[in-house]
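The active site, proton acceptor annotation in TrEMBL covers GLU315, HIS316. Here TrEMBL flags TYR124, GLN182, ASN202 as NAD(+) binding site. Residues annotated as substrate binding site in TrEMBL: SER226, GLN248, HIS251, HIS316, ASP349, GLU403, HIS408. Sequence annotations record features per position, and here TrEMBL assigns Zn(2+) binding site to GLN248, HIS251, ASP349, HIS408.
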Amino acid sequence: MLTIIDWAALGAKEQQNLLTRPAQKDSAAIRGIVSDILAAVRAEGDAALSRYASTLDNYDGSRWVATKDALASIKPELRVAMEQAVANISRFHEAQRPQAITVETQPGILCEQRWQALERIGIYVPGGSAPLPSSVLMQAIPARIAGVEEIILATPGPVPDVILAAAALAGIPQVLALGGAQAIAAMAYGDKPVVKIFGPGNAYVTEAKRQVALDGIAIDMPAGPSEVMVLADANANPRFVAADLLSQAEHGPDSQVVLVTTSQALAEAVNKALAELTATLSRQAITLKALDNSRTLVVKTEAELVAISNSYAPEHLILQLDNAQQLLGRLKNAGSIFVGAYSPESAGDYASGTNHVLPTYGLAKSYSSLGLLDFMRRYTVQTLSKAGLETLAPTLIALADAEGLDAHRLAVTVRLENKA
Ligand SMILES: NC(=O)c1ccc[n+]([C@@H]2O[C@H](COP(=O)([O-])OP(=O)(O)OC[C@H]3O[C@@H](n4cnc5c(N)ncnc54)[C@H](O)[C@@H]3O)[C@@H](O)[C@H]2O)c1
Ligand SMILES: N[C@H](CO)Cc1c[nH]c[nH+]1
Ligand SMILES: [Zn+2]
């Protein structure tokens, strides 16, 4: 099911090729398609939005859909589950509230760092292949805790009841029924643009976010097709490992799942379990396609496990290793790490409390998992007394002179010479 590869037998180029994400291989074509969609929306506005909704999503219904009756339409067990997820997501994100800081850097010079919520944001909820109500909660709940006033939620139409219900639970009264790059364009270039766009999505959505960022709309991160890397030793349970791999493979044909193990026997047992378990799944065709993009890498040492993981920088990293806790400190680059046999990724995807919006494409080297602070901005405040300015003046004047900026010097000296 997963081609098993002896990692040490490959050259550096082959190793790199093997772990290139599928969506990155098509990136040039996707860039062009997305750029055309964004240009059309900017030039034609609503007409282009309707055309893309119709041609790409086969949707000609209302652009805005109310959420008010949606909670009544879902099963009571689902509502209870959503409420439990909301409670845990809230607890974890509440704990991330930042402290304002005030520092007197020198007598009479007060420097502060304060935080404020973003005013108007866009959140994208994927819906092309499967509706993801959990992605509503993962974004809207932290946004609400941060104090964001206006949230525009976009998802492809027709909008399923489960998405409307999750939006209602998060206090969002209506949803923008648009998907893909056109949804990102509507939020970025509409009559009232948002200041920042959040959310996961396929390669078109992720590329659209990248392109609107060049026009000054902030984005959370590139959060593209789901991926997971599992590090496992000979004692790992092959069925647990296989199920974790399948849970991300079923997201889409361009997902990538990678097992790295020190045990050839485990690699073979996982393949056996993959064959058995795949046969029980409803999204078999998608899952098998994703498994084609994926590999098992057999290595000799723990050091190799760590090096491969740090270089791949997976969105999700699962540790099914006897000494997982000891290895944690050496694993530098991952969006979210799941430790031990009883920590399936599904827990983080839905309801443990951590955020499931995570950087993909190896960008966990530089981007963080979504958190409360992403919905806020920090800024500084300073207050100098006259005595404070007098003490700092020689430093300011010397630096202004070094830069040849006379007005900067003047803004200091004019105050010190002022007798009033
Ligand atoms: N990284 C994360 O944090 C995270 C979290 C949840 C989901 N995901 C990923 O989000 C993705 C969701 O993808 P999806 O496709 O199901 O839904 P989606 O809503 O992201 O994309 C669907 C949209 O893509 C557009 N599209 C499809 N084919 C196109 C084409 N040929 N040309 C132009 N536009 C096109 C359509 O407009 C459609 O509305 C999955 O890959 C999943 O793994 C990632
Ligand atoms: N695994 C996805 C992030 O890559 C999140 C998700 C939503 N629903 C199920 N899973
Ligand atoms: Zn998932």
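Backbone N, Cα and C define each Cβ position, glycine as well.
Recorded features from TrEMBL, shown on the structure.
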residue: TYR124; record: NAD(+) binding site; DSSP class: strand
residue: GLN182; record: NAD(+) binding site; DSSP class: helix
residue: SER226; record: substrate binding site; DSSP class: coil
residue: GLN248; record: substrate binding site; DSSP class: helix
residue: GLU315; record: active site, proton acceptor; DSSP class: coil
residue: ASP349; record: substrate binding site; DSSP class: helix
residue: GLU403; record: substrate binding site; DSSP class: helix
residue: HIS408; record: substrate binding site; DSSP class: helix
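If you take the Cα of TYR124 (NAD(+) binding site) and the Cα of SER226 (substrate binding site), they are about 15 angstrom apart, rounded to a whole number. In this structure, the recorded positions under consideration are GLU315, ASP349, GLU403, and the one with the smallest number of other Cβ atoms within 10 Å of its Cβ is GLU403. Within 10 Å of SER226 (substrate binding site), counting CA to CA, the recorded positions GLN182, ASN202, GLU315 contribute ASN202, GLU315. DSSP assigns ASN202 (NAD(+) binding site) to coil, not to a helix or a strand. Minimal Cβ crowding within 10 Å, among the binding-site residues GLN182, ASN202, SER226, is found at ASN202. Checked against ligand 3, the recorded positions GLN182, HIS316, ASP349 give ASP349 in sequence order as having a Cβ less than 6 Å away from one of its atoms. A Cβ distance below 6 Å to any atom of ligand 2 is met, among the recorded positions TYR124, ASN202, SER226, HIS316, ASP349, HIS408, by SER226, ASP349. For ligand 1, the recorded positions lying close by, meaning a CB under 6 A from one of its atoms, are HIS251; the full candidate list was HIS251, HIS316, ASP349. Around the Cβ of HIS408 (substrate binding site), the number of neighbouring Cβ atoms within 10 Å comes to 14.
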